[in-house]
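Record features (TrEMBL):
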- GLU345: active site, proton donor/acceptor (ACT_SITE)
- ASP246: Mn(2+) binding site (BINDING)
- 1-20: region 'Disordered' (REGION)
- GLU281: site 'Interaction with galactose moiety of substrate glycoprotein' (SITE)
- 78-96: transmembrane segment (TRANSMEM)
Amino acid sequence: MASIRRTLSPPYHDRQYHNGTMTFSDQAPSHKALSGAKYSSPLLALSVGVRRFIAGVFMQRHSRKGQYYSWRRSVYRCFLFFVVGFFLGMTPFGHVEDDVNSHDFSFEIKPPAVDLKKEIGVPVSRGDDFEVKSVQLNERFDFITRKQVIVVTPTYNRALQAYYLNRLGQLLRLVPPPLLWIVVEMNAASMETAETLRKTGLTYRHLVCNKNLTNIKDRGVQQRNTALEHIERHKLDGIVYFADDDNMYSLNLFENIRKISRFGTWPVAMLEQSKNKAILEGPICNGSQVIGWHTNEKSKKLRRFHVDMSGFAFNSTILWDPKRWRRPTSEPIRQLDTVKEGFQETTFIQQVVEDESKMEGIPHGCSNVMNWHLHLGARHLVYPRSWLLQKNLDVVLHSD
């Protein structure tokens, strides 16, 4: 029968147990030695530190104070371990950090998404109807692209200049942008006119015509030519309209001007000078097609186009882009001061369009009068310096 022989382990005389505690001999490496030793690598030092921390938590040491002190230390260590584990679990590591950085975590409370089409009553569409509904949505929020209106106003020193410019400026403020107001003065730009333009809050350009004139009737012609040269040089894009400061205009006129593609015209009501009646001058239209002209003056029947200076507007690109409109010549388009009075309009229009087929009558049917030429003014008053009358009336103040 085979016998099993056990080898006896050498006696451990250095192990002694007193009161349930365990002590180590001097030959075993102590924790002080481990703490003072230098490790060859940081990873080994970290591993030893972690094991020492775990051993310290789970290996309870009984002190001389008894079992109560040992229980309190165990609870304290468990709580400390829980707190450390909680913060370690909340700390991102590795690739998680990239995901966290890629997102914007904030405490801002954002409102829920709103479908604008449902809110304003525009039905959801598909296919070809989507573009139509998008236009309706833009109209609801006023996202319409408008053409720029370039208003050219010649002005000169006279008693009611301040009144005329302020009245026209307040009207242009009501016109939806974009709008550019070009005001032209003779010889020098007055401080009073510049201040009036600034107060309107409009986008404007204050120009000066320096041409020496032999006839006062040529003043307005040369001022408009100065504005036309400015538009051509800077290639301003928009619809050009000659608006004298003493005329009266409706807001509907400027909305219709934006619809012009090349050249547009409309009838103007005119108050005859030294007479108590008004006449109508301008196109007769079939829809938007010009088929004839209104005129009551025998002296002007020789004109090709019976249009007032404030009764037409045109695309500014005609001035600086002749290839686009296939103009036969590239000569600049200007008003002529060599023709008789009343013929500046027709000679200018003949440079812009060939005949009535190239014109657009506005509004539809040319049935509405949108501006008036009244020929009003205080002709016998001298233009005051600094916009004040030279001969003021005597004023007497009575105090009660």
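Backbone N, Cα and C define each Cβ position, glycine as well.
Listed recorded positions: GLU281, GLU345. The one with the lowest count of other Cβ atoms within 10 Å of its Cβ is GLU281. The Cβ neighbour count for the residue listed as 'Mn(2+) binding site', using a 10 Å radius over every protein chain in view, is 19. Geometry remark: ASP246 (Mn(2+) binding site) versus GLU281 (site 'Interaction with galactose moiety of substrate glycoprotein'), CA distance 18 Å. For GLU345 (active site, proton donor/acceptor) paired with GLU281 (site 'Interaction with galactose moiety of substrate glycoprotein'), the C-alpha to C-alpha distance reads 12 Å.
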